[in-house]
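Here's the structure, in structure tokens; my notes come after.
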Amino acid sequence: MAFKIASSPHLSRSFQTSSLMQRVILCALPGVAVQCFFFGWGTVIQALLAMSVALLSEAVVLKLRARNVTDTLRDNSALLTGLLIGIAIPPLAPWWVTVIGTLFAIVIVKQLYGGLGHNIFNPAMAAYVMLLISFPVQMTSWVAPSVIASQPVDFIHSLQMIFTGASSSEINAYKLGFDGISMATPLDTIKTDLAMGLTTTESLSKAIFSDGFGVGWFWVNLAYLAGGLVMLKLKVIRWHITAGILAALFICSGVGYLLNPDTFTGPLLHLFSGATMLAAFFIATDPVTAATSVRGRLVFGALIGILVYIIRTFGGYPDAFAFAILLANLCAPFIDHYMKPRAYGHRSAT
């Protein structure tokens with residue numbers, strides 16, 4: 001038997017930054033495609049706009065900092081940030097919302113701290129939170145899924161509404177579902193209904209939950225789950241953060257549902273609604289802003305899952321991943337300090 005002889009170091013080859021970012025973008029495309037199918041061409045338009053602004057703004061800042069523009073842009077990190085912002089923003093949000101959010105992510109959150117590898121917050125999530133607080137109306141105006149919408153939005157109308165604006169009556173016309181009720185995301189609907197005194201069973205009887213999870217959102221999450229599993233297979237990301245998020249969210253929601261099913265929604269709805277799979281696989285796993293050790297990544301992920309459940313259930317924002325990830329980013333150095341692996345021959349890591 002012939003053995004292959006190689007010199008040290010005997011380590012598996014890791015991806016270059018540009019290759020890693022490229023793989024993340026490619027694995028996210030199935031989710032983007034399904035999101036576009038259910039919510040219209042606005043998803044693609046917003047993503048392309050955000051990616052273009054991200055590249056342009058990063059190039060300008062790098063030029064001002066006297067850095068190599070071409071080599072830095074080739075790492076594809078700006079493209080990924082733009083993509084995440086574009087798919088997180090409502091499809092028919094005005095163009096200036098996307099531009100402001102992308103500029104904030106690249107210029108303030110990323111480059112102001114020194115560029116890739118130095119930022120302490122996830123740029124896309126920081127931009128999303130800034131936009132949500134600053135422009136709550138524009139950031140919560142989701143259209144009805146195309147399969148139940150009274151007027152599905154085509155490509156031309158999406159362009160017109162994003163770049164030239166539309167009247168309130170026109171927007172409402174596109175937001176109306178077949179039952180004549182202005183549509184919101186499934187999590188928004190449940191949150192509003194519970195505040196009005198309805199039970200979860202009564203809320204889940206609405207048209208938006210005709211498939212049991214929220215029309216469109218189940219398939220969107222399933223597509224991002226498939227892309228995330230491919231990333232795990234390719235070793236683009238590690239499983240610890242994702243597992244921590246999903247396990248903590250499942251356990252917390254399961255306990256709540258067992259205690260009071262009329263007030264708390266079940267685990268499956270939490271896992272397959274909103275941005276759960278997108279955040280668990282594509283956002284929270286950002287190696288720059290997450291914890292680094294194995295135990296630290298598990299704790300980091302579990303913290304996000306717990307925070308998401310708390311904010312979704314008791315807070316004012318139905319989908320809480322952006323807030324949860326930013327809070328976990330703040331805790332990452334603390335987690336790393338106390339979760340350092342034990343050095344061989346020593347009693348503890350500290």
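Along the chain as shown, residues are numbered 1 onward.
Using the three backbone atoms N, Cα and C, a Cβ is placed for every residue, glycine included.
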Practice problem: Out of 67-87, 298-318, let me know the one Swiss-Prot marks transmembrane segment. | Solution: 298-318
Quiz prompt | Among the ranges 89-109, 129-149, 239-259, 298-318, the one whose Cβ pairs under 8 Å to the transmembrane segment (212-232) are most numerous | solution = 129-149
Quiz item: Residues with Cβ closer than 8 Å to the Cβ of Thr185 (FMN phosphoryl threonine), same chain and 6+ apart in sequence?
Solution: Trp142, Gly214, Trp217, Ser273, Gly274, Pro318, Asp319
Quiz item: Mind checking which residues reach the transmembrane segment (239-259)? Cβ under 8 Å, same chain, six or more beyond either end.
Solution: 228, 232, 265-267, 269-271, 276, 279-281, 284-285, 290-291, 294, 297-306, 308-310, 313
Self-check item: Interface-richest range of 25-45, 89-109, 264-284 toward the transmembrane segment (298-318), CB pairs under 8 Å
Solution: 264-284
